[in-house]
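Beneath this line is the structure, given in structure tokens, with notes to follow.
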Amino acid sequence: MIIGSHVSMSGRKMFLGSVETSIENGANALMIYTGAPQNTRRKAIEDLRIPEGRALLTEHDFKDVVVHAPYIVNLGNTFKPESFKFAVEFLKEEVKRADALGASQLVLHPGSHVGAGPDAAIASITEGLNQIITPEQNVKIALETMAGKGTEVATNFEQIQQIITGVEHNEKLSVCFDTCHTNDAGYDVKNHFDDVMDEFDQIIGLQKIGVIHLNDSKNEMGSHKDRHENLGFGTIGFKALHYIANFDKFQNVPKILETPWVKDPDAKKHSPYQLELAMLKSGRFDDTLIEKIINN
């Protein structure tokens, strides 16, 4: 199983620190943002401590590195040309950072139509990706399945395929399948995951799935809410998520946890990833996990 979580890349250690944290968590893959996900301020590539981090990855036989683009870039905004242009230029540089980090996937929230309608946003996203993607890049841009919150697009497989079809170098595109998002978008990943995969395969092709975001959901299927929950404590449940993590066609696909940190009574937050990864590997749900995370 190729499994890991989102880890921070910050401070003096930058990427080296991300790798160290992932090793402590018992992971063999990791996902990072190249800076804060809520903004686009980024350090120079030479300041990210990539060589030391890559050396440690090799030493510990890590299988994959995934980068996530910040939430705030929106290729789907047709009302503000300056926002579209900024998103294109930022993502061109983000591809360079992801390649320097040796990432296989650059996860991207495709965008929101902000009132213009899905078709207009999809056309804009396609145009933007055609400006960003080059045949020379190594990293694939992984279009994330979205929950349908607000005016998000890519909330169904057909919309994602529309984008892929419109991109010239779509061999450089993949899909990030988020279990919480697809549940909230209305796909029954809990009870009928095989059927969901058959539908995905018919519309897009399973070979396009480059990374799985393995998250439980706080909300019911079809809620369009996008609120992640710790594994086994949401509406999808541990049994289904463990099945997805071990799905035979995903053996070489990284599974990344983005589950929420747990607050103790003093409102201090605790990382869940070490214990969640251990639980996932064991295959046994622990209903005392939240308490253990707080006391870990």
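Placed from the backbone N, Cα and C atoms, the Cβ positions cover glycine too.
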| message | With GLU144, ASP178, HIS213 listed by Swiss-Prot as Zn(2+) 2-binding, which of these, GLU127, GLU229, GLU258, is given for the same site? | response | GLU258
| task | Would you identify which residue of HIS109, HIS113, HIS169, HIS181 Swiss-Prot lists as part of the Zn(2+) 3 site it also attributes to ASP226, HIS228? | result | HIS181
| task | Name the one residue among HIS181, HIS213, ASP226, HIS228 whose Cα is closest in three-dimensional space to that of HIS68 (Zn(2+) 1 binding site); these are the binding-site residues. | result | HIS213
| said: A 10 Å Cβ contact count, applied to the binding-site residues GLU144, ASP178, ASP226, GLU258: which residue has the minimum? | reply: GLU258
| C-alpha spacing of HIS109 (Zn(2+) 1 binding site) relative to HIS228 (Zn(2+) 3 binding site), in angstrom | 16
| DSSP three-state assignment for ASP226 (Zn(2+) 3 binding site) | coil
| query | Just counting, how many other CB atoms are there within 10 A of the CB of HIS228 (Zn(2+) 3 binding site)? | reply | 21
